[in-house]
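As structure tokens, the structure follows; a few thoughts come after it.
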Amino acid sequence: VIRAKVVGKKLMKDGPFGTMRYTVKQMKMYRGFQIMPHVQYIYTEASESLCGVKLEVNKYQYLITGRVYEGKVYTGLCNWYEKWDRLTLSQRKGLNHRYHLGCGCKIRPCYYLPCFATSKNECIWTDMLSNFGHLGYQAKHYACIQRVEGYCSWYRGWAPPDKMIINATDP
């Protein structure tokens, strides 16, 4: 998970449709230090129909998530990528202070009601009911974090979460 500005791109001729290699200037790394301490290139399918993403060169800073495979960072439409200035304050705070508190939690999407958690380490993601994806209110303003005795729940607030109190204002 990085914040980066795209400074170049090159179509690589591997595979039937090619791979786009974006050269990035990494501003900050939020996760993945152990696997790759610095990211210089991001790879994606050249075609959007194959889940490739289109990033603009020298225009925006992006939040980019992905996976590392054979020493290269790959991203696609199924990963979270967004222009940095389009992130909400809650999402920015989540990256810096909250999301890591949910590493032991699982987010389970709810596609239709009723929805129930099947274990104590699950948060039910209800954005799928109305917005089909990460653009919903819950994803923009809440973080799934681990609470007392391993229970996970949604958290929204300005102060750092108190791990001793289970939030009763879950969405």
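Any Cβ shown, glycine's included, is placed from N, Cα and C.
The disulfide bond recorded by TrEMBL for CYS152 joins it to CYS105 [selected from CYS103, CYS105, CYS110]. Looking up CYS110 in TrEMBL gives a disulphide bond whose other cysteine, out of CYS103, CYS115, is CYS115. For CYS110 (disulfide bond), the same-chain residues lying six or more positions away in sequence with a CB closer than 8 A to its CB are ILE124, TRP125, THR126, MET128, LEU129.
In this view, CYS123 (disulfide bond) is surrounded by 24 other Cβ atoms within 10 Å of its Cβ, with every protein chain counted.
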